[in-house]
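Visitor: Next up is a structure, given as structure tokens.
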């Protein structure tokens, strides 16, 4: 044994060839501070080995290295700049030391080698992968960029154009795709990885493979003429500007970093990379995106805990109500290996539901994500039926019929009498209180809400709603089922609108008030999209959701919270609803809709909307972007804070994930609580106080005011 640490070991395999094996306690290898320290000690030990002829890096896990330890990031980002630079320098000295060993080096890769894991394999002379390997540099998705030499070595291995695509998109690549661009040198079957790695390093030792030439190219400036460099970096910058936009600086900083370091040797280039990394690490965007990742991990941990505590796992499910939503839920369940019965009273609805599942599977097939066999397996795992016979023995029933309390109550009561006594019932409702639907049930403890978002296959959030009598066992089983479906379940307590819709409608009330005060709805949309960062502004979102749906939900919210959400006369939403302008579904809402070349609805301005709104609005007035953002966001933020104070949602982390995953809250802002921490509670309270005369939705809670006075934060 040359070296033994807690997360890695080094020992000889045969004839002077050493193996450095990453094998941390736990399920995955990460490049945390402890592992980097061990790696430094291991390389120092190898430098003293006179018998050393070659080195192979391997993993004792299913994945090579999944990346750095992101739980350490926020603490690192808060370090003084000089300390952060020192940490980066120490880490990069380790990878440079691997690259400078006087013997050939090789990485034998299985599973994921991402982020720091990818940068580790780039430090070796050769990269051999098995068919399970996936490699990539996802750092820009976290608001940062590679900091362990990724922007230096990858362009010199696969060329600037390919490297810029890898780094700026943050995608991971399968072994065969990585082989095509030269990121890895060969792909073998998993059972051949070890023997092939030993043979390859032996060939390098014997001089059959030019490891020194490869190494020299990696440490030299990029081989690009001035014209090639100009074309490469200008094209990349243009594409990044169009895709990432102004709110996400990491991809553009990465492009500028690779460009600035193109003519430099390795050590000079690493210094440039470190400056780019530090610049990004100090941004609010990086903290927000890392925060989302950590919150997501928190949600996953809660779901794992629920699955362990549940007395029974879900092996069979049923969906009541087919159509697009029911078909989407059944597809999601079946595609993740949980067969689903899809029950409806209407043959056409069943056909529509199966059609939705088939369409989604065809999309997967066309993209090469599944093959025909997998498609057949998923479709055969969905059983469409007009009868309850196949529903009797399922573990979970998801009711997804029309959003009408009487219809839902009747269907729930009917199916409760058919299923087993320990089976769980869940209602996919967006507004109807769970405790109300539970009143007619014999086993209300086995009932909860399970609110999916549309389209089901794309929206990661599922709200799990706990009614007054819902048992912990029911919550645990439904949370575990949602997670098994590949969703992010957030448990909320019952109230009108639950969490997501409850906080969305104050935002729409803010919109109604702005339009009534003379704002142009299209100008409001533009500010909320381009400046604040929502995927859709409020008018466009209402058109997409359906103004009839929004109108109904708004009435429900007004009844549920009359002191804050009751209407003051006719609103912009009322006006559109009264003349049957329901949005995209019938071609006219706030905007008119035409079909684009792909047959998808495209919004266009419609003068008729302004004529219809004129009677309820003051004369046209221009509001600056700060006023629009404040008037739109304060009602939502205040309601989110109230939901936390009332225990509707348990933690800031769960609230922020629900907002990002369920509403499309701008990820670069991290969610309402991260946003409040970023701007400062004192500043927020002062801003909200300026608008307090607009009504109760604009008035901050006493508790928030107290937190602001004490200088507290949510995270």
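FYI, residue positions are counted from 1 along the chain as it appears here.
Note: Cβ is positioned from N, Cα and C throughout, glycine not excepted.
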Visitor: Among 362, 390, 446, 454, find me the residue Swiss-Prot lists at the same NAD(+) site as 325, 344, 401, 402, 403, 408, 430.
Guide: 454
Visitor: Here's one to test understanding: among the recorded positions 139, 296, 451, 501, whose C-alpha is closest in space to the C-alpha of residue 344 (NAD(+) binding site)?
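Guide: With Cα distances computed to residue 344 (NAD(+) binding site), the winner among 139, 296, 451, 501 is 451.
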Visitor: In three-state terms from DSSP, label residue 451 (active site, for 3-hydroxyacyl-CoA dehydrogenase activity) for me.
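Guide: It is in a strand.
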Visitor: Measuring CB to CB from residue 119 (site 'Important for catalytic activity'), give everything in the same chain under 8 Å that is also at least six residues away in sequence.
Guide: 95, 137, 146, 148, 149, 150, 153
Visitor: In this structure, which of the recorded positions 139, 344 has the fewest other Cβ atoms within 10 Å of its Cβ?
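Guide: Taking 139, 344 as the recorded positions, the minimal 10 Å Cβ count falls on 344.
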Visitor: Can you tell me how far the Cα of residue 430 (NAD(+) binding site) sits from the Cα of residue 451 (active site, for 3-hydroxyacyl-CoA dehydrogenase activity), in Å?
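Guide: With the alpha carbons as reference points, the distance is 6 Å.
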Visitor: In whole Å, note down how far the CA of residue 403 (NAD(+) binding site) lies from the CA of residue 451 (active site, for 3-hydroxyacyl-CoA dehydrogenase activity).
Guide: 12
Visitor: Under 8 Å Cβ-Cβ from residue 403 (NAD(+) binding site), six or more apart in the same chain: what's there?
Guide: 429, 430, 431, 432, 552
Visitor: Tell me whether residue 661 (substrate binding site) sits in a helix, a strand or coil according to DSSP.
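Guide: It is helical.
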Visitor: Across the region 'Enoyl-CoA hydratase/isomerase' (1-189), what is the average pLDDT of the model, as a whole number?
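Guide: Its mean pLDDT is 97.
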